[in-house]
Amino acid sequence: MESEQLYSRGYCRTGYSSYNSITSASSDEELLDSAGATMDFHTTEDDNLLDGDAASSPGSNYVMSNGGGVASSTTHLLDFLEEPIPGVGTYDDFHTIDWVREKCKDRERHRKINSKKKESSWEFSKSVYDAWSGWLVVTLTGLASGALAGLIDIAADWLNDLKEGVCLSAMWFNHEQCCWTSNETTFAERDKCPQWKSWAELILGQAEGPGSYIMNYFMYIYWALSFAFLAVLLVKVFAPYACGSGIPEIKTILSGFIIRGYLGKWTLLIKTITLVLAVASGLSLGKEGPLVHVACCCGNIFSYLFPKYSKNEAKKREVLSAASAAGVSVAFGAPIGGVLFSLEEVSYYFPLKTLWRSFFAALVAAFVLRSINPFGNSRLVLFYVEYHTPWYLFELLPFILLGVFGGLWGAFFIRANIAWCRRRKSTRFGKYPVLEVILVTAITAVVAFPNPYTRQNTSMLIKELFTDCGPLESSQLCQYRSQMNGSKAFNETPNRPSAPGVYAAMWQLCLALIFKVVITIFTFGLKVPSGLFIPSMAIGAIAGRIVGIAMEQLAYYHHDWFIFKEWCEVGADCITPGLYAMVGAAACLGGVTRMTVSLVVIVFELTGGLEYIVPLMAAVMTSKWVGDAFGRAGIYESHIRLNGYPFLDAKEEFTHTTLAREVMRPRRSDPPLAVLTQDDLSVEELQAVISETSYNGFPVIVSKESQRLVGFALRRDITIAIENARRKQEGIVLASRVYFTQHAPTLPADSPRPLKLRSILDMSPFTVTDHTPMEIVVDIFRKLGLRQCLVTHNGILLGIITKKNILEHLEELEQRAELPAPAGDHHKKGHPTSHGADGQPRPRHHHVQLVRSFTGRRSRLASPSPRQPPATAASDEEVRLLDDSEY
């Protein structure tokens, strides 16, 4: 209630108290409420700006103002909501949204609905519909996500088995389903039945021999290449945004970036089809990551059915957060893990009500997938396992070693994959995505077929590695020497010596591990839907199974060692190799993505037992610590940085002692800052500025003499307002005076009709003083999702800081930290770059110039950054950072 009162009164607070109100906010709702706590540098009556200078607190370190245009009784910052201009308040492609403004728009809409709901039953029903629209949209998203996930699972399994043969009795059955009703299968060869025919049997008429092996080999490669070629062709022609995992882009979109078409209906359709083809081709990729993209596409499409979300980009991102939770829910059969994944990994703004709706969306999606039962095992995932043997304290040591392996693998994979992707972008090889996909698929198919552990589907491989050996298992990994004790329970298998089949499987697993490690580096990033969860889990599961078998044999042959004597009796079932595979899978996935809590919960939901939480936590945390020693960024953050997306990671720490004036634009060597005056510009002059610059907004000052800040006007809003005025108002010509004040200026009698643009002016943009530490500025940008922040000194406009300026500054500091400091560097004495070698501040220069003198000149700020690659076609997945490269 207090924050609402401050909000409605336009209350102002100064200094660090404002910052503390932000950092101490207990929720995101309160955080945005604190945006109403502002310090204004002009008086309550805007017209008084012409009479004198507004007072400013020289003792305060910075000034904050609400940048969202909050409606109040004094400033009427949301006049355009009362008399809306079509298009004002919307965003262009590849632009960043204004979180505070979107939040204020939603509050204004909510007030209007509440004020009218008692007028009639129709208005009351509209208010009820508005209140329940959030639950409706997440329900539809969960239903669609679960249905599409079931369809993808069924189709991918069928196409994957199509590479090996076909079911004669029913073409739409995969290998396992084809043999369900057969009465001629044996226990040892349960996957062989007369109804299922391999390609060698159909073409050559023989099932054994060198000829049949070569024919099956050839058909395996043929189908793999066919599926991969069709997938990359569909992506390239119809939906370039359907390639990749999608999670880096989802994280960027949830942070407030606009990428039109990335969550559209064409992307959803093509991604669903090509995901099936890519998984069936046998490439080292998974469908779990792309399923998050598919679910977010569903959430985005359904949000357009409800004006509450279709007209507010910030509210739409609440739906996308819930959709990402539903995507992980159907990917792993882990509804709670999906909610935590959305909270920990992808979401930028996650209020409490989004947590509830994310949980509900994950529940609905999991229920639909369970109803479809795509795997025929009444489970949500193919590799669901249950263990009945407890773990022992000594086993924490190999579990931690698996965590070390996972962290090392994650660090190696991130660096190698980013280096390859960067090389792909900078060489001619990246211009031929179809050829690259065909080449990688051919190498994968040729090398994978001879090894049974790389030939089969990766999810089936993980299932086999997770499964514990028992009397019903016929895997080569379970070919131990038979020493069954008749007194033991049927489902218990004691530790036994390995037979030659286990040793052969160990060698094959080692070769499969090397192959998976190498080929995954070149596969992730291809122009086909490619997830990283399953390949990473497969690598960890292989390593874990090898360690588990080694520990099992060590306990059998050396049961008299002191580490085994206390808890492992002769013939007892002490070691569970499948558990080691599960721990290794979690460790490798954590090393690549740097997930912790959500990953442990996901794997816990896969096993269904609380007993193995501690081994999982130990391995995942060790993996994260080891990986962070080589770099704190995970694979998704690394790809965000590689693609140049404007994403401020909240996990990174800013510990440098720079000031806002050292980062702001313009610098000493830059052209002056382009600004607008509040009442002495013509339409022609204003249009000249817009056409000759590429900035996304312009600060508005009082006059050339005063240079005190009045507000901030967006380029898009100015253009739309001028076009709208020419259509609807008579007398608006090029010579018309443009004014941003409440009352029109005094004009000669023969002057054309003036154009009032006050309704599009943000009267309270966020501002800081030039002495504000950048640590605080970065924190404000992260927590409030700002697009830009103006820099002032005693109310005088000095410059501007955009999100891209902050990203460039952080990268510059990171590169500077990696280089040795030169001798005599003043940083050794603790002086900031704005101070001289003697520690005294350098003189300050004002770089503000009116638009009249700016006309015809182009700022270097409008040119691309040296680190930013030039914009390419949409098929190359490059995002042009139009909004953050300029102010």
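We count from 1, first residue shown onward.
Cβ coordinates come from backbone N, Cα and C, glycine included.
No curator has checked TrEMBL annotations; they are predicted automatically.
Here TrEMBL flags 842-860 as compositional bias 'Basic residues'.
Here TrEMBL flags 877-887 as compositional bias 'Basic and acidic residues'.
Per TrEMBL, the feature domain 'CBS' maps to 664-730 (among others).
Taken from TrEMBL, the feature domain 'CBS' covers 761-818 (among others).
Residues or ranges marked as region 'Disordered' by TrEMBL: 821-887.
What TrEMBL lists as transmembrane segment is 132-152 (among others).
Taken from TrEMBL, the feature transmembrane segment covers 220-242 (among others).
Under the heading transmembrane segment, TrEMBL lists 263-285 (among others). Nonlocal intrachain contacts for the transmembrane segment (263-285), taken as residues 6+ away from its ends with a CB within less than 8 angstroms of a stretch CB, comprise 148, 151-152, 155-156, 159-160, 162-163, 220, 223-225, 227-228, 230-232, 234-235, 238-239, 241-242, 246, 253, 291, 293-294, 296-301, 320, 440-441, 444-445, 448, 455, 457-458, 516, 519-520, 523-524, 526, 528-532, 534-535, 538.
The transmembrane segment annotation in TrEMBL covers 291-307 (among others).
Annotation source TrEMBL lists transmembrane segment at 319-343 (among others). Counting residues 6+ beyond its ends, the transmembrane segment (319-343) has Cβ neighbours under 8 Å at 134, 137-138, 141-142, 145-146, 149-150, 250, 253-254, 263, 287-289, 291-296, 298-300, 302-303, 309, 349-350, 354-355, 357-366, 368-369, 379-381, 384, 533, 595, 597-599, 601-602, 604-606 in the same chain.
The transmembrane segment annotation in TrEMBL covers 392-414 (among others).
Residues 217, 220-221, 224-225, 228-229, 231-233, 236, 281-284, 424, 461, 464, 476, 505, 508-509, 511-512, 515, 519, 522-523, 526-528, 542 of the same chain sit 6 or more residues outside the transmembrane segment (434-453) yet have a Cβ under 8 Å from a Cβ within it. What TrEMBL records for 434-453 (among others) is transmembrane segment.
Annotation comment: TrEMBL describes 505-526 (among others) as transmembrane segment. Sequence-distant contacts of the transmembrane segment (505-526), counting only residues of its own chain at least 6 positions beyond either end whose CB sits under 8 Å from a CB of the stretch, comprise 232, 243-245, 283-285, 409, 413, 416-417, 420-421, 424, 433, 436-437, 440, 443-444, 447-448, 451-454, 461, 475-477, 479, 532, 535-536, 538-539, 542-543, 545-546, 549, 635, 639.
Marked as transmembrane segment by TrEMBL: 532-551 (among others).
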Check: Roughly where does the domain 'CBS' (761-818) sit in mean pLDDT, to the nearest integer?
Finding: 88
Notebook entry, point to check: When you scan the chain for residues with a C-beta under 8 Å from the transmembrane segment (132-152), skipping those not six or more beyond its ends, what do you find?
Noted result: 272, 275-276, 279, 287, 291, 294-295, 298-299, 302-303, 305-306, 308-309, 318-319, 322-323, 326-327, 329-331, 353, 357-358, 360-369, 371-372, 374
Next item on the list: Could you put numbers on the helix, strand and coil content of the domain 'CBS' (664-730), residue by residue per DSSP?
Entry: 24 helix, 20 strand, 23 coil
Item checked: Chain residues in Cβ proximity to the transmembrane segment (220-242) (below 8 Å; excluding those fewer than six residues from its ends, i.e. six or more beyond) -> 159, 162-164, 249, 259, 261-262, 264, 266-267, 269-271, 273-274, 277-278, 280-283, 433-434, 437-438, 441-442, 444-446, 449, 455, 526-529, 873-877
Checklist line | Counts by DSSP class (helix H/G/I, strand E/B, coil) across the domain 'CBS' (761-818) | finding: 27 helix, 18 strand, 13 coil
